[in-house]
């Protein structure tokens, strides 16, 4: 009988070399013959079979049960079944259930190279590996999957799970989904339509207010009215437009405060770009009120000081144009555009660099070739002409007259077409990707009528501290659970390979 724990001076191997290898891979138990493993000594299981000591064997597996003489591997069980087929036939086939990245990791772990792939699967694997998409924030232009990322779904799940321990969690969650997801229910669609209408009405009122017939007074008249003790708003604004502005501000303030109260996390609320846009859309109004109060408190100030405060008020009023960005909350295209610009900063930087180089070169040529009295007096003045020409805008305010200047203008225009077209194609492909991805994510999480989303909500409702703790313990003791699936009195079915 071979001793499992030989003494330091013993020369008896720790296990017979012809003994079958008992392995457990992710709960799948198999008994592998030594002869089958000896055919592939370079693989992990082949080296494990040839290990001369228990210490060497333990370095090749995740755990070892000396009593059962069983080796445990915390790896993908599906790939292990394909690995068994490899030991039988000598060919490895690609698994469709694993992505190229995960399949390659498993193959590297078990000590298999590309030569182990079967001929029928090798070309497909190599093609998928070459075109395997990488993260958009890397130097990659290959389009990735349009399916929602598991991390994005997990973020939604974590946000919803925060309502489990909150007071009135179910009601707050439904109200939050109603405000955040236009397709969640009929009330959410109505709320979205009303919000879009208020945004458009606010923008229309701001544009109409700039027309001459709606401006009863100029800025100087407003300052004079404040000095006389009257309100500048009463002088400058049309009563109808002023009431419409107050209504829009009340609605925007209601939206911001409601989202803040219903948000699952206050910290995440202030980190979300759309919420910051909502705050910026109402902030100018309240800053204008503060500036108006400051004007009212300084009636004895000089006209120059009042004029400066009046300019500050005008700047605050112009900031209302940022309200148009509120439409991004209700527009998949605008959100996709924002994500595209966020992940295309390299391409945008390259585009600006190309334009800067081209403008500098052709501006210098035009400055040298043209006369000084036709708009090319200085190189900075030529920069304007070069920028307009390279972007193919062509205002026509500055036109070269000499032959050399016209040749430089032709080269500037052709160079602009080539320079702008190259990065634009990459940016457009990324926009198409993020648009499809955003649509897929919305379809996965916003409709409560779908079975997946209902299961998600019900799982969030049913989560308790006990179930969470039980789930945590189950995940931590997954390996022991797999080992206990078969009673000791009932030996596992062994297969020799």
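Glycine is no exception: its Cβ is also placed from the backbone N, Cα and C atoms.
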**Q.** Membrane side match, residue 337 / residue 438, Swiss-Prot record
**A.** yes
Checking 214-235, 346-367 against Swiss-Prot, the stretch recorded as transmembrane segment is 346-367
Among 187-208, 240-262, 274-291, 407-435, the stretch with the most Cβ pairs under 8 Å to the transmembrane segment (346-367) is 407-435
For the transmembrane segment (274-291), out of 187-208, 240-262, 407-435, most C-beta pairs under 8 A are with 240-262
Per the Cβ filter (under 8 Å) with a sequence gap of at least 6 from its ends, the topological domain 'Extracellular' (368-379) is approached by 385, 397-402, 404-405, 408
